[in-house]
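Noted in TrEMBL for the protein shown:
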- 4-69: domain 'RlmM ferredoxin-like' (DOMAIN)
- 82-168: domain 'Ribosomal RNA large subunit methyltransferase M THUMP-like' (DOMAIN)
- 191-284: domain 'Ribosomal RNA methyltransferase FtsJ' (DOMAIN)
- Ser193, Ala226, Pro227, Gly228, Gly229, Asp245, Asp265, Asp281: S-adenosyl-L-methionine binding site (BINDING)
- Lys310: active site, proton acceptor (ACT_SITE)
Amino acid sequence: MPDALFCWCRAGFEPELAAELTERAALAGHPGYARAERGNGYVEFIASGARALAMALPLERIVFARQKLLRLADLPGLNPSDRITPIMQALDALKEQGEVAPGMFGELWVEHPDSDDGKTLAGLSRSFANALRPSLRKAGWLSAKDDPRRPRLHVAFLGGHHVVLATSDPRDSSPWPLGIPRLRMHAEAPSRSALKLEEAFMTLLDERERGLLLRDNMQAADLGAAPGGWSWVLMRQGMLVTAVDNGPMREQLLDSGRVEHVRADGFQWQPRRPVDWMVCDMVEQPRKVADRMATWFREGWCKQAVFNLKLPMKKRWEETRICLEAFELQTHRPMTIRARQLYHDREEITVLAMPSR
Ligand SMILES: C[S@@+](CC[C@H](N)C(=O)[O-])C[C@H]1O[C@@H](n2cnc3c(N)ncnc32)[C@H](O)[C@@H]1O
């Protein structure tokens, strides 16, 4: 019987995710407890109604998880000479309980933690996937061809002798293994930070929203813009950008004629006319940033925003909750808020905000 959520996260942020899941599950009426070890890169949340909890807690609402799976079976103590038979037996037992049905899975993803120890399991995961996939097809568990609309079957290697069997719903999970999008640093990007904003647009907006909200000739303001990674991403979307920072911007951006550099304090500056997008990557206390971001929405200076909240403190989930609640309250309007610790975020989270439509 599924008895736990299994979530991948950034190694080192397990306590944050554990605290977040504990609080959110209790609020959703499905209390349970988290099993987490700092540095492991995952958290298990044990709850009797795990399937109902998975539905009550969409990934979109979880800040510190990169991926959310429903654990189907925990298989420690495997013999490396045959790991396939116990997996097949576990699936058969789940079928008896009515938890899985032949042909229900559209893809197999074999994964390992994104941690120092976990990365040593990358080769094993790849070769095991190649061995397991044909067996699953032969036994009728997997569709004959990959079908991205059906539930996925996940095999998570936690060690050479230990796998977790899990499933995810493609409509409520990350579309990338481990929840990590494959993004390459572009040679022309002024800084690695560009990847953060690219990932934010890929992760926090769906395809329809990207088509509607990222358009040619939109106006954008970039607070804390230097050296210009985020401005570059906005410019590549065809936007006209006002880049606010006392530091120097990369010349090539200014030469494009699409980026104007304003040397000013990002906490004081305001646009002459409302902009479509405001983005903010200023390194400051998160409460101060959340407060300023709320002012932008309250005053109607922007339609959408992406901003980072830096979290160098200890109680990072608590600080996150306080900042997001304060932000929403101070906007004085119903907001759609999606916050996530992205793969390219280190000690920070990224927030997408827009008035609810
Ligand atoms: C992490 S960097 C931004 C990187 C940028 N997003 C990129 O992609 O290249 C933070 C920037 O915030 C700027 N900053 C910090 N406080 C600021 C303030 N009060 N007003 C304007 N800029 C500020 C710093 O000068 C620094 O350039």
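Note that the numbers count up from 1, one per residue, in the order the chain is shown.
For all residues, glycine too, the Cβ spot is worked out from N, Cα and C.
Annotated features, which come from TrEMBL, shown on the structure.
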residue	record	contacts (Cβ under 8 Å, 6+ apart)
Ser193	S-adenosyl-L-methionine binding site	Gly229, Trp230, Asp281
Ala226	S-adenosyl-L-methionine binding site	Ala243, Asp245, Asn246, Gly247, Pro248, Met249
Pro227	S-adenosyl-L-methionine binding site	Pro190, Ser191, Gly247, Pro248, Met249, Arg250
Gly228	S-adenosyl-L-methionine binding site	Pro190, Ser191, Ala243, Met249, Arg250, Leu253, Val259
Asp265	S-adenosyl-L-methionine binding site	Asn246
Lys310	active site, proton acceptor	Val283, Glu284, Pro286, Val289, Glu347, Glu348
Just checking: which of the recorded positions Ser193, Gly229, Lys310 have a C-beta under 6 Å from ligand 1?
Ser193, Gly229
So how many other Cβ atoms are close to Asp281 (S-adenosyl-L-methionine binding site), meaning within 10 Å of its Cβ?
24
If you draw a 10 Å sphere around the Cβ of Gly229 (S-adenosyl-L-methionine binding site), how many other Cβ atoms fall inside it, taking every protein chain shown into account?
24
Tally of helix, strand and coil residues over the domain 'Ribosomal RNA methyltransferase FtsJ' (191-284) according to DSSP?
31 helix, 20 strand, 43 coil
Applying a 10 Å Cβ distance cut-off over all chains shown, what neighbour count does Asp245 (S-adenosyl-L-methionine binding site) have?
23
In this predicted model, what is the average pLDDT of the domain 'Ribosomal RNA large subunit methyltransferase M THUMP-like' (82-168)?
96
Greatest CA-CA distance (Å) over the residues Ser193, Ala226, Pro227, Gly228, Gly229, Asp245, Asp265, Asp281 that the record ties to S-adenosyl-L-methionine?
20
